[in-house]
């Protein structure tokens with residue numbers, strides 16, 4: 001049986017091996033020695049090594065003493081009463097999701113070798129995929145909020161770069177910008193939660209924060225609401241989910257592993273990890289239930305009305321993630337974890353099959369002797385033609401959420417930004433004028 005020190009080093013291969021593989025690929029590409037075969041071999045070796053280390057480590061943890069296992073790697077920074085520790089936390093939840101990450105990364109690397117063969121961005125895709133793998137494993141295995149934030153930002157950075165993968169076209173660049181703005185906005189919530197945990201509970205360690213919240217429960221409301229806001233952006237929840245259909249501009253493989261299975265569930269995992277804190281905040285629980293329920297209803301209707309397969313799957317993904325928010329809000333953490341893993345695997349397969357989905361559907365209909373009419377429309381016959389048209393318009397426009405955000409949030413913020421910019425320019429001009437006058441006076445006296 002492995003001791004805790006050996007377990008720590010073996011499990012650390014899960015994020016460390018992809019990170020090392022990314023560094024090797026970057027050096028190879030910088031030396032202009034990269035070929036598709038070499039890059040793919042390095043990527044698959046790194047992912048396989050991380051997967052093997054994770055399996056060995058999880059097996060050793062499973063055979064060892066029961067309960068969560070906290071693995072420490074020392075402090076990254078200490079000073080002024082603050083200690084940024086590099087700790088990994090292994091329990092049933094992190095073990096299941098971490099194994100899922102490794103499995104889907106391995107499948108994606110194998111799929112992408114043929115799918116992106118001779119594409120100009122082949123090497124870039126594998127480099128970004130390894131960076132994403134390191135970030136996602138860091139996020140999942142993190143034992144405190146600071147380390148989770150590091151993985152959170154790495155996942156966000158690679159997500160944006162892969163949405164804009166085909167940067168020679170305007171559409172992917174605009175979509176990547178939208179994703180970036182949403183991520184940066186909601187990252188304020190995660191930063192606020194981290195600072196608040198240190199200010200009020202004097203720790204961001206998940207296990208210690210749970211005990212601290214019992215003795216000082218009132219800060220949990222502010223921290224919980226901040227975490228829910230961060231999760232809303234990452235997991236495309238109402239009203240911040242407009243970026244998810246736009247993220248389909250990237251390659252099919254990235255759509256599957258990022259926005260169908262892993263990245264879009266990062267917000268759900270954050271809430272699961274922070275569940276002991278959220279239990280002390282009725283406001284945070286109510287917010288999760290309300291946001292999740294609204295998202296589930298709106299996204300389910302938008303999925304049925306969507307004219308293309310990828311957008312329909314993206315809305316369906318947001319709908320299921322909304323149900324996970326509801327489950328966490330009601331305290332059904334085990335159900336939410338099972339739902340996360342099962343949904344991630346299903347959506348991953350569906351996104352990979354999307355390019356041939358229409359051909360498969362037509363073949364099934366022909367074999368069964370059905371027409372090509374939309375079979376889902378039969379369920380809405382009882383509403384009447386006029387009502388169906390009205391509901392369809394609302395569904396296709398996402399109940400005008402984007403229009404409302406543009407009119408009441410984006411435009412006022414942009415107008416305020418322009419006014420502040422003009423004010424800054426005027427103040428700088430006045431400051432420059434006030435500095436220039438004494439120099440001119442002094443020069444005249446001389």
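A Cβ is built for glycine as well, from the same backbone N, Cα and C atoms used for every other residue.
Not measured: the values here are computed from a predicted model.
Among the ranges 95-116, 359-380, the stretch that TrEMBL annotates as transmembrane segment is 95-116.
Taking TrEMBL as the reference, the stretch among 73-91, 149-167 described by the feature transmembrane segment is residues 149-167. Helix, strand and coil residue tallies for the domain 'NADH-Ubiquinone oxidoreductase (complex I) chain 5 N-terminal' (76-126), in that order: 29 helix, 13 strand, 9 coil [DSSP]. Outside the transmembrane segment (6-31) by six or more residues, the chain places 38-39, 42-43, 45-47, 49-54, 56-58, 60-61, 64, 69, 71-73, 88, 90, 98, 101-102, 105, 123, 126-127, 130-131, 133-135, 137-138, 141, 151 with a CB less than 8 A from a CB of the stretch. The average per-residue pLDDT of the prediction over the domain 'NADH-Ubiquinone oxidoreductase (complex I) chain 5 N-terminal' (76-126) is 84, rounded to a whole number.
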